[in-house]
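Per TrEMBL, the features are as follows:
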- A:12-32: transmembrane segment (TRANSMEM)
- A:65-83: transmembrane segment (TRANSMEM)
- A:95-116: transmembrane segment (TRANSMEM)
- A:136-154: transmembrane segment (TRANSMEM)
- A:166-185: transmembrane segment (TRANSMEM)
- A:191-212: transmembrane segment (TRANSMEM)
- A:219-240: transmembrane segment (TRANSMEM)
- A:246-267: transmembrane segment (TRANSMEM)
Amino acid sequence: MIEFFTEPWTHVFMQRAFLVVLMSGVVCGVIGSHVALRGMAFIGDAVAHSVFPGIAIAFVLKTSLVLGGIVAGLVTALSVAVFSQNRRLKEDTVIGVFFAAAFGLGIVVMSTAPGYGGSLESFLFGSVLGISNSDVITVAVAGVVLLLISGALHKEFVTVGLDRETARAVGLPIFWLDLALYAMVTVSIVISIQAVGNILVLALLITPAACARLLTDRIGVMMLIAPAIGAVSGLTGLYLSYAFNLAAGGLIVLTATAVFIACWVFAPRHGLLSRRSPAAARVEPVQP
Amino acid sequence: MSDEVLQVSGLAVDLAGREVLHDVNLVVTRSEQVGLIGPNGAGKTTLLRSLLGLIPIRAGSITIDGRTPGGARGTIGYVPQRHEFVWDYPVRVRTAVMTGRTHRIGWLRRPGAADRDAVREALERVDLTDLADRPIGELSGGQRQRVLVARALALQPRLLLLDEPFTGLDVPTQEILTRLFRELTSEGTAVLMTTHDLPAAADTSHRLCLLNRTVVADGSPDELRDPAVWLRAFGVARSEQLLHSLGVAR
């Protein structure tokens, strides 16, 4: 029985997978909390798609995939910011235009590389068992930097998240803070693509944060719970993938989704069951 | 230090190429509470936003404590309408009030003793000390309005701007706020609020300023007893109900 749990970790490729999944889960949990609270899920999706051409170009040019992804993500974020200035178009419409375009560009670029089918698949669906040592180091460094920046700008992000207009009125540089957050979302996504793939990475960003929101009313606690759920989902998915020889990325996301459904039903104050119980009446807002 | 905390002269503001305000002249002095009254679309919120330096002005000047709106940033207490605030954000009342001081605390710094004292005092003034650890999502409308006022007071401002602070509030909460504004003005704070609640404004303000693209009338509630002034501000030929509610009509 013990061997069932320890045996996978005797393989070096599983140790690397373990580390990357753990770090992706933690980083996405923290950054994803901001994404979920700001209602930025669609932007997260757009960034996830738009890093693809950057990764494809970096892959063809044989340079850093992380750098390529970040550049492409930021170019898309800036394009959305600029093109949404036209008041006839809503921001989500502009995002819809650009992220599909970015993805199209990525596929065209990938198709110029010889034998692109296999590489394409590993970008789209993840290749957690084929991670190199240098990938692990890149993810670790990027992850630590992200967590440090997130901590350093925490009170500013909360202030803007609560009330953009007043935050601007007291002098906070809203545009730069937004750009910083987009950049952080972009990097989180790029470092997590190897674990779950480009298409499923949004789930790693949003689902653990959504679970945590159901469990707490404090953003500080949320930023502890979300990474924990992300990491545990990642490890569980990885185990199941090893044990049953199924796709790791999909299992990681499905595990997180199972946790979400459990939270939705059983969460102590905001879950389905407690909302139905008479005791819940106590937490309803009291009219003045 | 001058007694004039806010000075607006010849102000013109365009939004999307359309003139919203023109030739607005307004002064608010220390210890004065001014009610800014006008119909929907009169430019009340636009005026507040230009005082905060949030929108460019086409002509005229705004001086706040001898500075431009840009220079006075972070020293003005601003209370937006309640729907501008994300109430389901997972923070406690104390944290929400502390966000008023985020910029003053500065980058990479944590709140210090002075910040915590300012927040404690602001919470006391709006009578929310007991609810300081309550999630903001569980507050009633009146409590929410007091959180926004406390957040503005946490800056210890000399000028307090409020956008429709009384809208949708019950009488007890209105009374708490009215008393608070009276205290603040007696301590020297200048208060400028927009409102639809004409009787309350006439009751509590030292001066009323009727705005409809420009200042139509400006005077003490007693000086504005002439129905014609009100009818011009609101652009209606006959509004006996309005005038009755103000005690203007016989």
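Even glycines carry a Cβ here, placed using N, Cα and C.
All TrEMBL annotations are machine predictions without curation.
Keep in mind it's a predicted model, so treat the numbers as computed, not measured.
With Cβ pairs under 8 Å as the measure, the transmembrane segment (A:12-32) is packed most heavily against A:191-212, out of A:65-83, A:166-185, A:191-212, A:246-267. Where the transmembrane segment (A:191-212) meets the stretches A:65-83, A:136-154, A:219-240, A:246-267, the count of C-beta pairs under 8 angstroms peaks at A:246-267.
Distant neighbours of the transmembrane segment (A:246-267): 17, 21, 125-126, 128-129, 195-197, 200, 203-204, 207-208, 210-211, 214-215, 229-230, 232-234, 236-238, 240, 273-274; these residues of the same chain sit at least 6 beyond its ends, with a Cβ under 8 Å from one of its Cβ atoms. Long-range Cβ contacts of the transmembrane segment (A:219-240) within its own chain (Cβ-Cβ under 8 Å, at least 6 residues beyond either end) map to 5, 8, 14, 17-18, 21-22, 24-30, 32-33, 37, 128, 158, 195, 204, 207-209, 211-213, 246, 248-256, 259. Here the transmembrane segment (A:136-154) has long-range neighbours at 16, 19-20, 23-24, 26-27, 30-31, 34, 64, 66, 177, 180, 184, 187-188, 190-191, 194, meaning same-chain residues at least 6 beyond its ends whose C-beta is under 8 angstroms from one of its own.
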